[in-house]
Amino acid sequence: MEFRSFLIKYAEIGVKGKNRGIFEDALVRQIRNALKRCEGEFFVRRTRGRVYVEVLSETYDYEETVEGLKTVFGIAQICPMIELKDEGFDQLCEAVISYMGEAYPDKNLTFKVNTRRARKDYPMESMAVNSEIGGVLLDAYPEMKVDVHHPDVMLNIEIREKIYVYSIEISGPGGMPVGTNGKGMLLLSGGIDSPVAGWMIAKRGVKIDAVYFHAPPYTSDRAKQKVVDLARKVAKYSGPIWLHVINFTDIQLYIYEKCPHEELTIIMRRYMMRIAEQIAADTECLGLITGESIGQVASQTMQSLAATNEVCHMPVYRPLIGMDKQEIINIAERIDTYETSILPYEDCCTIFVAKHPVTKPNLNVIRKHEHNLDEKIGELVQTALDTKELIVVEA
Ligand code: ATP
Ligand code: MG
């Protein structure tokens, strides 16, 4: 049995009223992008609230295509369909019998036939097709039963220029198509959390750019490569990511020299947020995104988050805020970032950490100690921005 087309079902974006066209166009665009990575040639089209993918090339890779479609936010279900020329009702019956025969080796099931007739000149009405096909299937497979209320298998028959038959629904990732909800700047480290945070916000239709702070020679090129690799994995879902790499070494050393070491992480995080916000503003991002989660480490207590947040003017989106580590890991595994995240290369947060970092920073004290940096910090931040490297990361 060969599936040559797919019906793409979407949930949320169906209810957007006047904006529906914009959402559907974005969905079609993202499906086309995802399919570029798959072997074969495809035609993606939308008609009256439905999106179809048709295979044009002689051959294609079914598994790879389904995997590709599973990376497109906005897709609720992927339904592989068989496609028939209209060569009379007897042919249709035969095709449906062999479809059910192949698709369901275990015939101990209940089913319902659901026909939609888009072409009104088809000689039979939908109800008649339902009952005829139902009868034919019961004759062919006596173990099967009809259940019109809660069938195990909903056998859909769509009569258009061609006839489409489908019953399999593969779950898509849900969410909304990327490009329908502005752009955000992800603070992407090499850890487990931030790639998941980026993925979660992209799932809401937000385009993602990213900033990574590295500290050579304290952090290695391999640590940076790891971040690029993580960005590539997220880009499979989010589309291309512009990754801004900031050399943070001199800023970090200066903070280390001038401020109490227990406050280093907090002050460093405040500078990361300030710099990220500046790049975000220059690149039309509407918010920052981090992988923070309350209480996970000293720099993520409520007090620490308040101190980090204080320097930001843009909204900071922290999609993992209420999640446990295991819940975050479960997503990281699902989106295939986990194995990369746990590679051992250190990121710059872990190099200069104090033995006993403050867990309840006092904002007035932090502000006061930041004044120790007044002499050179402005210049150092400017140099860091001027020397940033841009890497365009594609899946
Ligand atoms: P992650 O697993 O995402 O690294 P974490 O649990 O290690 O998070 P922290 O190191 O406290 O937590 O960092 C909190 C957040 O700050 C990260 O999720 C990330 O968004 C941002 N961040 C931390 N270090 C960097 C870095 N070197 N470059 C860019 N962003 C960073
Ligand atoms: Mg980290």
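Note that Cβ sites are derived from N, Cα and C of the backbone, with glycine treated the same way.
The model shown is predicted, which means the values in this text are computed figures rather than measured ones.
For L187, L188, Y212, F213, R269, G291, Q300, the entry in TrEMBL reads ATP binding site. Under the heading domain 'THUMP', TrEMBL lists 63-170.
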Measure from the Cβ of R269 (ATP binding site) and count the other Cβ atoms within 10 Å, all protein chains considered.
23
On average, what pLDDT score does this prediction assign to the domain 'THUMP' (63-170)?
96
Whose Cβ, among the binding-site residues Y212, F213, has more other Cβ atoms within 10 Å than any of the rest?
Y212
Intrachain C-beta neighbours of Q300 (ATP binding site), sequence separation six or more, cut-off 8 angstroms
E292, S293, I294
CB neighbours within 10 A of G291 (ATP binding site), counting all protein chains shown, number 25
What is the one among the binding-site residues L187, L188 whose Cβ has the most other Cβ atoms less than or equal to 10 Å away?
L188
For the ATP binding residues given in the record (L187, L188, Y212, F213, R269, G291, Q300), what is the largest pairwise C-alpha separation in angstrom?
19
Per DSSP, what is the helix/strand/coil residue tally across the domain 'THUMP' (63-170)?
37 helix, 30 strand, 41 coil
